[in-house]
Each structure stands twice: as C-alpha cells, then as structure tokens.
Amino acid sequence: MNAQAVVILPIALPLATMVMLLLSLKSIPAQKVIGVVGSTGLLLSAATLAWLVDRDGILVLQAGNWPAPFGITLVADRLSSIMVLLAGLMVFAVSVYSLASVNDRRVSFGFHPLIQLLLMGVCGAFLTGDLFNLYVWFEVMLIASFVLLTLGGERRQLEGAIKYVTLNLISSAVFLAAIGVIYAATGTLNMADLALKLRSFPDEGTVSVLSMLFLIAFGTKAAVFPLFFWLPASYHTPPVAVSAIFAGLLTKVGVYSLIRAFTLLFVTDLEFTHNLLLLIAGLTMVTGVLGAMAQNEVRRILSFHIVSQIGYMVMGLALFTPLALAGTVFYIIHHIVVKTNLFLIGGIVEQRFRTGRLDRIGGLYRSAPVLATVFFLSAMSLAGIPPLSGFFAKLTLIRGGLEAERYAIVVAALVVSLLTLFSMTKIWTEAFWKPVPGDAMTNVNFPRRSRAGRACLYGPAILLASVTVGIGVMAGPVMNASMATAEQLLDQNAYIQAVLPDGPTGQVPAVSRERTSP
Amino acid sequence: MDSVILKTAIRFLLPLLLLASVFLFLRGHNEPGGGFVGGLLASGAIALYAMTHSAAAARQVVRVPPRFLIGAGLLFALVSGVAPLFFGRPFLTGLWTTITTEGLGKLHIGTPLLFDLGVYCVVTGVTLVFVFSLLEE
C-alpha cells in the first residue's frame, strides 16, 4: 500500500464499518462497540491523511487506474484533509455521545450504520475531484440524513423532515441540471479539467449561468440567505446526537462545495460572482442572527446561529484574498467544533428537563457546574471572545475585510458578532443562572445515570471544549495551516498540475490568470 | 392473493426466474444485463412467491435475512475495491485472471465480477426488505 491509498481510507473505512454493523444489527452491544471503534478508525485515518498532505502536498488517487479526466479522481489537498479530519473528530465525539443518548429502539433500527453511511458521503464529498461524483456523494449523504432525521418516527420529526427533504431534493435537481449543462458546454466533469476549460471558455454568459446554478445548488445545502429556511425547521427535531452531527457537518459540505466551485471553477468573472457572494454573506449573517433572537428554545436558537455563521464563511470566500480565505478556513475549523459541542450540551440540558424551552429550565449553574463551564467556553467562543477560537477566526476575517476595503461587510460582521453574544447570554442567563422555574420543578425528572453513562455524555463535550480552547491557545499554528490552505486554494495551477500531470486534454491555451480583487 | 393457478405456477417459475436472474447477472459483463437488473429479477421472483404464499414462507426460501444480503453485498463490493491495493494498484482497479477448466474452457474472471455480485446482493436485499416490510404491515 502506498501513500495514495490513504486517500481512499476515509471513504472505505466507514463502508467497512457499515458492513460490519449491518451484519450484526441484532446485537445492540455489538452495534455500539463497532460504531465507536469504526469512528475512532476514521479519526485516525483522517489524521494520517492530514499529516501526509501536510508533508507531501496534494495527494491524488485515480480510482480504477483510469487516468483523469476519464476516471473518477480523488484529490486530497489541504482543505479536503482538514475537513475530513474535522469530520472524523465530530463522528468520534458523536458516536461516544450517542451511547448514552440514543435509545435502543433507534439503535436496533440502524442508527450506527446510518451514521457511518452519512460519514462516507461527507468524506467522499470532501475528497472527490469530479463534479458528478460530488453529486453522488451528496446523495449518499442526503439519503442517510433523510433516514436519520425520521428515525424513530415522532410526529415533529416527520414534520421537520418533510421540509428538509423537499428543499434538498429541489437543490439536488438544480445541481444535477447544472452538471448536465456544464457537461454539454465543456465536455468534462473533472474539476481540474473544468477549471482549465472554463478559463478560456468563449461564452461568458454561459459561465455566469452555470455559476449561478451551482450557487443555488450549493447555497441551499449550505443554508445561505434566502435558501436557508429548511434548516431551522428541521434541526431541532431528531435526537441530539443526530442534530449535532448535522449541525457540525452537513451545511459545511455545502460551504466546502461553494469554496471549491468559487476558488477553482468560477474565477473568471469575480466582479459579478464574488460581489454577489459578498451580498449573500452579509444578508445570511444578519437574517440568521435576527432569527435566533426571536427563538426561545435552545436547539432552535443554535440552528439559526448556524445560518448566521455560514455567512462568515461565505464572507471570506467572497473577499477572495489570501487572508480572507484563511479566515474562512479558520472559521470552519472553529465553527464545526464549537457548534457540534453546543448541540451536545443543549442535548444534555434537554435530557435533564425533558424540554429545551428556556422558560421551563434554569438553575444549571448550581446543579451542573461542569456543564456550565463547558457551555460558557463554547458559547463565548461562538460569540468571538478572546482568547477562544472564535475570536481569532473573526479577527482574521475582519482583517481580511479591512484589507480589501470592504467596510460594509466588516460592520455587519461586527454587529452580528455582538448580537451573537446577546443570544448566547440569553441561553446562559435563562438556562444556567436563573433559578429553576416553579412549574418546572414539578415535572423535572433528573434521570439517574450510571457513571459510564455520564462519562459518555460529558466526555465528548469536554473533549470538544478543550479543542476550542486549544485552537485559541495554539492560534499561531492553526493560523499558519489556514494560511497555507488559502494559498493552496488560490493556486489553481498546482491543483490542476496534481490531477492532470500530463497537461490539459484537448485544445486549451495555457493562460496564467492574474487574480483581481473584486 | 388467492389464485390457485399462480400459487402452483410460482413453484415452477421461481427456480426458472432465479436461474434467469443469474444468467442476466453474468451476461451483464459485456452485454445488457448486470447485477442490478439481475438482482431486481431475483427479488421480483421472491416477491411473487411472497405474495402468493406468505412473507414468512418467502423468508424461508431466502434463508438469510434480507439485510444480511445488503451487508454481504457491500462487503463484496468493498473487497473488490480494496483487493487491488494489496497489489500496489489504485482503489477499484480491476484484477483479472484466467482459469482453464476441463469442461468450460477458458474462464476470464476478475474483481469487477465480484463488484457486480455485490450489486446483485444489495439490490436483492434492499428490494426484499421493502417487500417483506410492506407485506407484513
């Protein structure tokens, strides 16, 4: 086995785990053990991949030994490997958390195999270098997420799932249509090959239409304004372990695809595409945070904050300078860890009070000091208080904005940050500081958990909170990694060279484009 | 469904249909057919049996639980993908070998056939899960 074989591991390992889980579906202990072991394996393979990519540069695997652009190419560059590593970390945390929070009925219906299927789709989407293959991984991921969302069949789960499924199917249809058009126009779906062909594509109008189709398709998955409303309608309904992994990873696959498309493929008309992205980024931030302020349930508030923070990630992409893109990468790293953790903590709160409504809960600062600490760290990080990870992420983005002299978006980012702080303080004061409300006392039923059960709930939350603090403390190395990632993203020729070492196929003049700031 | 004719006929049809599905599966390598349509035909035959007799009787015919078929099918596909890695080739590269047998002459077989067998099993398994769940509702 050579180094390139490692590229396939984040896809093959979840598949292998899923096979073992399917063959042992009857035994609940086996499901739990294999699920956690498989997730640990994924985390380790992702770490290996990240280390190799950092050492050797872009790793390319031509599946089936068919040369690009004819076969399916898997590409692991810095961005891909960082995303896969984060996915591995999240699934590890969530698998452990699910041991004590997902009931046996759901486990026997296939919770663990579905999580592995979801991860296979997510990792596949991060690693593929082919647009149609990306579509296939999206579908793998969505099919798994449809079932996970409805698993258990509670009434409100189904209600949320209808909106989720409908919107995602529409965006898949748009995505597929866009793939059809781009294939008709260029005759290739390999991303590196496309990047070459789109550079010198004669008809600028077609490229603009294509970029907008992909913007709608990926934008819906990423939940940007005005295509986000499926997200707050569905994320609070499934079991917490499921919504945590959704919150951490699914929209980020959309963001990843947006970054890939708008750093590699559609970079010819920055004036139009990236200015539109900037507008979308601003509106996404503001609407998301305003939506969150109107909510009174922990997971609903957090869901709207996902939308708001997608705005920050798109902002860095839209500014399209190395610093701003580094900010986006840093923000994604920070966001996935913190957001998943907040959902996990919200889940522990909900388990205690059997509700997430802020007017029915309280007193957690006194009754659960560890939980309070972990929540405080994550929430303050989300709001961007130094020295936690969110501060450096936002600082980088804002510096990028100032450098590019786009002051409106900087102001929006700062105001939204303040409103995020307000919203986090609301959860803090209501759930943690306020005494337990009178009517809640009667129906509070603190579930008595074994020591192992508590460890499974608190362990992942503490782990992720320490990662947040770690990113803050180690901001220098993380920033260097983000910067290297951003530079690699902007160096399209390196990507193309790695995938197509023998040069372009067909008649394409080798144009080296000057980057222009939008 | 309570039709004596169908009920009797399916006993003879079932082996024939299953044989036809294997034929389709093997033919698919170079001509129209393959694991997907072969699997559909096989599960169609078993679904017919389940509708005329009972889902429980059909489960007896299949012997293994349908979800076991899904798992096994995925395992075949995974093995056909991983196997080339041990020969220093990229994931999913086809490995071929020729076996000479007395009666059949030369047989050219390789990992793509194993992959297709995986597809056959997964399709059969998934369809049967649907059919049995609906019949036992």
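Our numbering is plain: 1 for the first residue shown, then up by one each step along the chain.
Just so you know, glycine gets a Cβ as well, placed from its N, Cα and C.
For A:129-420, the entry in TrEMBL reads domain 'NADH:quinone oxidoreductase/Mrp antiporter transmembrane'.
What TrEMBL lists as transmembrane segment is A:32-53 (among others). Tertiary neighbourhood of the transmembrane segment (A:32-53): same-chain residues 3, 6-7, 9-10, 13-14, 16-18, 20-21, 24, 59, 76-78, 80-82, 84-85, 87-89, 91-92, 94-96, 98-99, 107, 112, 115-116, 119, 123, selected by CB-CB distance under 8 Å and a gap of 6+ residues from either end.
The feature transmembrane segment is assigned by TrEMBL to A:79-100 (among others). Away from its own ends, the transmembrane segment (A:79-100) comes close to residues 10, 32, 35-36, 38-40, 42-47, 49-50, 52-54, 111-112, 115, 119, 122-123, 126-127, 239-241, 244-245, 248-249, 252, 256, 259-260, 329, 332-333, 336-337, 340-341, 344, 347, 449, 452-454, 456-457, 459-461, 463-464, 467, 481, 485, 488-489 of its chain (Cβ-Cβ under 8 Å, at least six residues beyond either end).
If one looks beyond the transmembrane segment (A:107-128) by at least 6 residues along the same chain, the residues whose Cβ comes under 8 Å of a Cβ in the stretch are 7, 10-11, 14-15, 17-18, 21-22, 25-26, 28, 31-32, 34-35, 38-39, 42, 46, 72-76, 80, 83-84, 87, 91, 94-95, 98, 134, 136-145, 147-148, 151-152, 245, 249-250, 253, 256-257. Look at TrEMBL and you will find A:107-128 (among others) tagged as transmembrane segment.
The transmembrane segment annotation in TrEMBL covers A:134-152 (among others). Panel annotation: around the transmembrane segment (A:134-152), residues 105-106, 109-111, 114-115, 117-118, 120-122, 124-125, 128, 158, 160-161, 164-165, 168, 172, 175-176, 179, 221, 234, 237-239, 242, 246, 250, 253, 257 of the same chain, lying at least six beyond its termini, place a Cβ under 8 Å from a Cβ of the stretch.
Under the heading transmembrane segment, TrEMBL lists A:205-231 (among others).
Outside the transmembrane segment (A:243-266) by six or more residues, the chain places 79, 83, 86-87, 90-91, 93-94, 97, 115, 118, 122, 125-126, 134, 138, 141, 145, 148-149, 191-192, 194-195, 198, 207, 210-211, 214-215, 218-223, 231, 235-237, 273-274, 277, 299, 302-303, 306, 310, 313-314, 317, 320, 325, 328, 332, 335-337, 339-340, 343-344, 347, 489-490, 492, 495 with a CB less than 8 A from a CB of the stretch. According to TrEMBL, the feature transmembrane segment maps to A:243-266 (among others).
Nonlocal intrachain contacts for the transmembrane segment (A:272-294), taken as residues 6+ away from its ends with a CB within less than 8 angstroms of a stretch CB, comprise 208, 211, 215, 219, 223-226, 228, 232, 258, 262, 266, 301-302, 304-312, 314-315, 317-320, 406, 408-409, 412-413, 415-416, 419-420, 422-423, 426, 518. The transmembrane segment annotation in TrEMBL covers A:272-294 (among others).
Within the same chain, residues 222-225, 228, 231-232, 235-236, 247, 251, 255, 258-259, 262-263, 270, 274-275, 277-278, 280-289, 291-292, 295, 329, 331-332, 335, 339, 342-343, 346, 382, 393-394, 396-397, 399-401, 403-404, 406, 409, 413, 416, 420, 423, 426-427, 483, 486-487, 490, 515, 517-518 sit at least 6 positions outside the transmembrane segment (A:301-323) and bring their C-beta atoms closer than 8 Å to a C-beta of that stretch. Annotation source TrEMBL lists transmembrane segment at A:301-323 (among others).
Look at TrEMBL and you will find A:329-349 (among others) tagged as transmembrane segment.
The transmembrane segment annotation in TrEMBL covers A:370-395 (among others). A Cβ distance under 8 Å defines the sequence-distant neighbours of the transmembrane segment (A:370-395), meaning residues of its chain 6+ beyond its ends; these are 305, 309, 312, 327, 330-331, 333-335, 337-339, 341-342, 345, 348-349, 364, 413, 417, 420-421, 424, 427-428, 431-432, 458, 461-462, 464-465, 468-469, 471-473, 475, 478-479.
Marked as transmembrane segment by TrEMBL: A:407-424 (among others). Here the transmembrane segment (A:407-424) has long-range neighbours at 278, 281-282, 285-286, 288-290, 292-293, 301, 305, 308, 311-312, 315, 318-319, 379-380, 382-385, 394, 397-398, 401, meaning same-chain residues at least 6 beyond its ends whose C-beta is under 8 angstroms from one of its own.
Per TrEMBL, transmembrane segment is recorded for A:455-475 (among others).
Sequence-distant contacts of the transmembrane segment (A:455-475) (same chain, six or more residues past either end, CB-CB distance under 8 Å): 89, 92-94, 96-97, 99-101, 333-334, 337-338, 340-341, 344-345, 347-348, 351, 370-371, 373-374, 377-378, 381, 386-389, 391-392, 449.
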